Every structure is written in C-alpha cells, then in structure tokens.
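Here's the structure we're looking at; comments come further down.
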Amino acid sequence: MAQSFGQTEINWDKLDKTRFYVVGAGLFTGVSVALYPVSVVKTRLQVATKDAVERNVFSVAKGLLKTDGIPGLYRGFGTVITGAIPARIIFLSTLETTKVTAFRMLEPFRLSETSQAAIANGVAGMTSSLFAQSVFVPIDVVSQKLMVQGYSGHSQYSGGLDVVRKVLRTDGIRGLYRGFGLSVITYAPASAVWWASYGSSQRFIWRFLDHGAKYDEVAPSMQKIMLVQATGGIIAGATSSCITTPLDTIKTRLQVMGHENRSSIKQVAKDLINEDGWRGFYRGFGPRFFSMSAWGTSMILTYEYLR
C-alpha cells in the first residue's frame, strides 16, 4: 500500500529543482494574479466598520470597480508579488524537506497511512509557515494598508514605498512586524491544519476508490491523481478556513490600523462582537475559504506539472 500511495505522492526528491524554482516562480505568479482580487475583497470586509455601506462580497467588488476599475482589485499587488514569490519558494522548500524527514521519523511507530500523512504534513506545514512569516508579515502589513486605503476612514498612500516610509517614521521597524505573533498563531496552525487535512483526506479518498490494495500495482491515471488532489485541496481549505478565520480577522484589523488608532487584540475582539456579534469574527470567510482552497489546489496541480 505504501508503494501504491507513493505513486500518487508529490515528494521533494521527485522534483527537478531548477524547473521548480524557475518555472514554478512564473506559475505561482500566475496563480497570484488570478486570486489577488479575492484577497482584496476579503481584507476590506474584515476591516469594514458597522457604518460601512459595502458589507458583502459583491458590494465591495462593485464599489472598487466603480471607483478604480480593474486596478482597484489589484491594490498592493506590486508589493505582494515582489516579496511573495521568494517567500513561497522558502515556504515550499521547507515544507517538502521537513515532510520527508517527518515521514522517516514516523516509520518506527507503524501508524496507519492516514494518521502518518496527517502528522507529517501537519508538522511540515507548521514548520514552513514559521520560517516564511519573517518575509510574509511585512508584505502583509504594506499590502493590506494599500488594499484598504480610503476605505472606512483608512489613510491614503501613494504606493508601497510610501507605506513603508510612514510606518518606519511612526513605529520604526516594529511597525512592519505589527501582528507578527498573531500571524504566527494564525498561519502556523492554518498551514498545519491545511496540510494535515490535505494529506489525510487524500489517503481517505484513495482508500474509498480502492486504490492501494495489494493487487493494485498499476499507477492511477494523471487525471485521476489531479482530481483526487484537487478534492483534497478543497477539503483542506474548508477545514483550515473554518478554524483560523477569526484569528485572521483580528490580525488583519491590527495590521491596517494607523499609529493614532493602535489597539489591542482584546479591544479588536470586543469591537467585532459589538458590531456584528460572534459573526464578526467570520467576516470575509467566503473569500478566504475560496482563496485557501483555490490557492492550495492550484499549488498542488502546479507541483504535479513541475514533477
């Protein structure tokens, strides 16, 4: 069964590293271009005040298109694409090397395939996220300020460098890492849950399809592999977004606040409850679920292509 699952698993040692870094950067850029508007809408929903007119996905998107056209859906994209591609490479490199090590360390425990995949993928996801946050957090701070500028009373900026200059002037280098602890608490578990859910759900689906039986020595078709991986990505996105969206909402609000409106995690949570009740913690859940599922699935399919 291990051999059969190995035919469908994407492993670091199976990848052409040069192709992965060069071609992969281009493909991941394309995925970012396609999904970035979803992030802009999600961020605006999370920071909207109770007096904001645009309080759902369609009204936010419509408002952006009306005032700024298509460029409005790509506010802060230059900042993200400059830093996110190297950050993604760091993330994926750490993910794969850690996952291989985790699988080897778990072999003596003789766990089931599903449990082994969940633990190894979860540990790898959390570790890679911790490494990547040093790059991701400043990108988040700058890009999110650009995404919400002029919206619900937020400041206006002339570009990414203007954001960096003003943040450094008021808060110093710490300003670019505002919400770092909460980002680690948000993204490390989110990554762990995503990869654990993906790894275990993929095993479960293969078992459901009776792939992995001793008599089944023929590798499944490429179409079947990609369909199972895409389904696993959607399940993982749903699981991860359900668990971590409240933390992401609080983190986003903290990171876009100006120096004069600085607040605490406790106060942000209170404000959300006062404005929308407990539902406030799930602002932007739809776009976030779609983005996590689509990004993860696209990344997995890109992996398969690069392999």
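Each Cβ is built from the backbone N, Cα and C atoms, and glycine gets one as well.
Per-residue pLDDT, averaged over the repeat 'Solcar' (17-101), rounds to 84. Under the heading repeat 'Solcar', TrEMBL lists 17-101 (among others).
Residues or ranges marked as repeat 'Solcar' by TrEMBL: 116-204 (among others).
For 224-307 (among others), the entry in TrEMBL reads repeat 'Solcar'.
Feature annotation from TrEMBL assigns transmembrane segment to 20-41 (among others).
What TrEMBL records for 175-196 (among others) is transmembrane segment. Outside the transmembrane segment (175-196) by six or more residues, the chain places 95, 99, 118-119, 121-126, 128-130, 132-133, 136-138, 140-142, 164, 167-168, 236-237, 239-241, 243-244, 247-248, 250-251, 254-255, 257, 259, 265, 292, 296 with a CB less than 8 A from a CB of the stretch.
Long-range contacts of the transmembrane segment (20-41) within its own chain (CB-CB distance under 8 A, at least 6 residues past either end) are made by residues 57, 60-61, 64, 72-77, 80-81, 84-85, 88-89, 92, 147, 284, 287, 290-291, 294-295, 298-299, 302, 305-306.
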